[in-house]
Amino acid sequence: MVSPDHEPMDDALRVSVLSEALPYIQRFAGRRIVVKYGGAAMVHAELQSAVFRDLALLRSVGVQPVVVHGGGPEINHWLKRLDIDPEFREGLRVTDAATMDVVEMVLVGRVNKQIVNGLNRLGARAVGLSGSDGCLVEARAWGDGSHGLVGDVARVNPDVLEPLLDRGYVPVISSVAANAEGVAHNINADTVAGELAAALEAEKLILLTDTPGILRDRESPESLIRQLKLSEARQLIDDGIVAGGMTPKTECCIRALAQGVSAAHIVDGRVAHALLLEVFTDAGIGTMVLGRS
C-alpha cells in the first residue's frame, strides 16, 4: 500500500541512488580522501551546509576525510574593515606582515573554527589545525620571494594526522604554515591539499571549485571533460586548453597523482552535495584525473 505522502517514483529513485552508492561505499571504506574546501561552497549557507553533511556522511560510512580550506572572501572582508588594500600578482595574494596577521587570524581563528563547529554539530568529530601545528606543514618562500609571505610547501609531516584518522576524527586544516625560522606564510590551499594527499597516500584528492571542471572550451560548460589520464592532463596544459586559474589546480592534481594518489577530481562546489555526487555515483559531476595504472 502506498502512503498518500509518498510518490512511488520518488521512493524508487531513492532506492536507485542508494543502490548505486553501495559499491563505492564498500570500496572506499577505510580509505582517505583529501578535500580542498573553498569558493562559493564556503560563502553560501545552503552550499556550506551541504558540504558539511557530505563530509559527515563520508565519515559515517567509514571513509576518512581530511579537509583543507582557504578563505579568500573572508580575508578580503577583514582587510577592508582594517583599511588594508588587498593586492594580487600572478593570481596570488601579495602578503606583507600586516596582511599576514589578518590572514592567520581569519583562517586559523575564524574560518577553521566555523568549519569545525559545523562538522561537530553533525557528529563528525572534527579537529581544527593549521599547517604550523605539530609541524604538519613546513613552508618555504614562493618563487623568488617577491610576493612577501606567500609560501609553498617544503615538506609535510603526516604523522600528526595518523592518530586522529585512526580514531575517527576529521582533521580540518587551514593553509597557514611556518617556515624553518618560524615565520608564518600564506600557502595556496590547493597546494597544501595536494601535498597532504600524497603524504597520506590518499585514495582521492578532491578540489571544490567555482567551475564545472576541466573544459575543452572554456566558454562552454557542455565541453566538460569527465575523465583524463595523467598524461592527457599534462598535454592539455601544453596545448593551452587548460589555462588561467585552472592551470595551478590541474598542476596540483598532476603532482599529487605523480606521487601516488589514485585519482584527483576537480568538482563544481556550486552544486549542492557535489562531494557525494562525485564519489558515490557512476557518472560523477566533475573532472576525474587518473593516476598511473
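Cβ atoms here come from the backbone N, Cα and C positions, even for glycine.
Taking all protein chains in view, 25 other C-beta atoms sit within 10 angstroms of the C-beta of G71 (substrate binding site). According to Swiss-Prot, the feature substrate binding site maps to G71, G72, R93, N186.
Within the same chain, the residues at least 6 positions away from K36 (site 'Transition state stabilizer') whose Cβ sits under 8 Å from its Cβ are V68, H69, G70, A189, D190, V192, A193, L205, I206, L207, L208, listed in sequence order. When secondary structure is read from DSSP and collapsed to three states, K36 (site 'Transition state stabilizer') falls in the strand class. Here Swiss-Prot flags K36 (among others) as site 'Transition state stabilizer', drawing on sequence analysis.
In this structure, K249 (site 'Transition state stabilizer') is part of a helix by DSSP. The annotation site 'Transition state stabilizer' is assigned in Swiss-Prot to K249 (among others).
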K249 (site 'Transition state stabilizer') and G71 (substrate binding site), distance between Cα atoms, whole Å: 16
Near-site residues: substrate, ref G71, G72, R93, N186, CB cutoff 8 A to centroid: G70, I75, V103, L107, S175
Inter-residue C-alpha distance, N186 (substrate binding site) and K249 (site 'Transition state stabilizer') (nearest angstrom): 17
R93 (substrate binding site) in three-state DSSP notation: strand
K249 (site 'Transition state stabilizer') to R93 (substrate binding site) - Cα separation in whole Å: 16
